[in-house]
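Below: the structure, in structure tokens.
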Amino acid sequence: MELRGKLINWNDDKGFGFIQPADGSERLFVHISAVRGDSRPTAGSTVYYLAGQDERGRPRAEHMRGEGLSIDRAAIRRKPQASEKGAAKKPRSAPARVARPRRTGRPQAGIRQLPLKLLVLALLLVLPLLGSLNVLTRQAALWPLMAYLLVCIASFLQYAIDKRRAESGRWRTPENTLHITELLGGWPGALIAQQVFRHKTRKVPFQVVFWLIVLLHQAFWFDWLLLGARYSGSALQQLGLIGA
């Protein structure tokens with residue numbers, strides 16, 4: 001089934017670009033060999049495509065066309081001659097210059113409902129913070145606090161890099177990599193980065209996994225603090241992170 005999207009990036013010299021799906025999901029790579037129609041693509045165009053994957057499992061478009069129906073010309077898939085490049089260069093470069101100032105890769109100003117989100121973050125940090133301090137006092141182990149701090153910073157930086165790559169049309173950080181860092185304790189940094197960069201907030205499957213990781217951390221420290229470490233204590237002992 002054809003899906004609708006926008007060609008946000010197109011390198012006509014190399015014959016490839018990236019499509020942003022209309023539903024806000026992960027961007028897809030598209031090669032000129034998959035393009036159909038009577039003219040070469042231009043950045044900013046609305047397109048229709050068939051989603052697929054390359055041999056490494058990365059998303060790509062198997063077929064792409066413009067909005068209107070047209071006769072397919074094989075000539076558009078051939079690399080343009082130098083004279084054609086010169087003639088077409090100005091019309092294609094104009095939209096790129098317009099769009100480029102918006103692709104700064106910097107945090108976007110104005111987090112919506114900031115006080116409420118800060119309150120939610122503070123509440124979510126209560127159990128992990130109290131639990132980490134409890135481990136420090138009972139086991140003289142500083143690693144939970146240090147792990148949360150360092151991995152949170154790493155997770156925040158991962159999101160920042162992935163956001164910049166998304167804006168420049170480069171290959172993205174795998175979502176599993178982001179989730180692994182969150183699972184290792186980086187979820188507070190990930191939550192902050194999602195709001196600061198407005199990144200990954202609309203992708204429902206990603207958010208489901210993210211919040212399951214957050215709930216797992218809450219359940220772990222709830223058990224440690226209120227249930228006498230019935231389950232979490234034995235798990236940490238088996239990992240050699242605390243003494244018996």
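Going from the start of the chain as shown, residues are counted 1 onward.
Glycine residues also receive a Cβ, built from the backbone N, Cα and C atoms like all the rest.
Keep in mind it's a predicted model, so treat the numbers as computed, not measured.
Each residue in the domain 'CSD' (2-66) gets a DSSP state, and the totals come to 3 helix, 36 strand, 26 coil. Residues annotated as domain 'CSD' in TrEMBL: 2-66.
Annotation comment: TrEMBL describes 78-106 as region 'Disordered'.
Note on the transmembrane segment (116-136): residues 142-145, 148, 188, 191-192, 195, 214, 217-218, 220-222, 224-225, 242 of its chain, located 6 or more positions outside it, place their CB under 8 angstroms from a CB of the stretch. The transmembrane segment annotation in TrEMBL covers 116-136 (among others).
Same-chain neighbours of the transmembrane segment (142-161): 105, 128, 131-133, 135-136, 173, 177-178, 181-182, 184-190, 192-194, 197, 199-200, 241, counting only residues six or more beyond its ends whose CB sits under 8 Å from a CB of the stretch. According to TrEMBL, the transmembrane segment annotation covers 142-161 (among others).
Here TrEMBL flags 208-227 (among others) as transmembrane segment. Residues 124, 127-128, 130-131, 134-135, 175, 179, 182-183, 185, 187, 190-191, 200, 233 of the same chain lie 6 or more positions beyond the ends of the transmembrane segment (208-227) yet place their CB under 8 Å from a CB of it.
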PLDDT averaged over the residues of the domain 'CSD' (2-66): 87
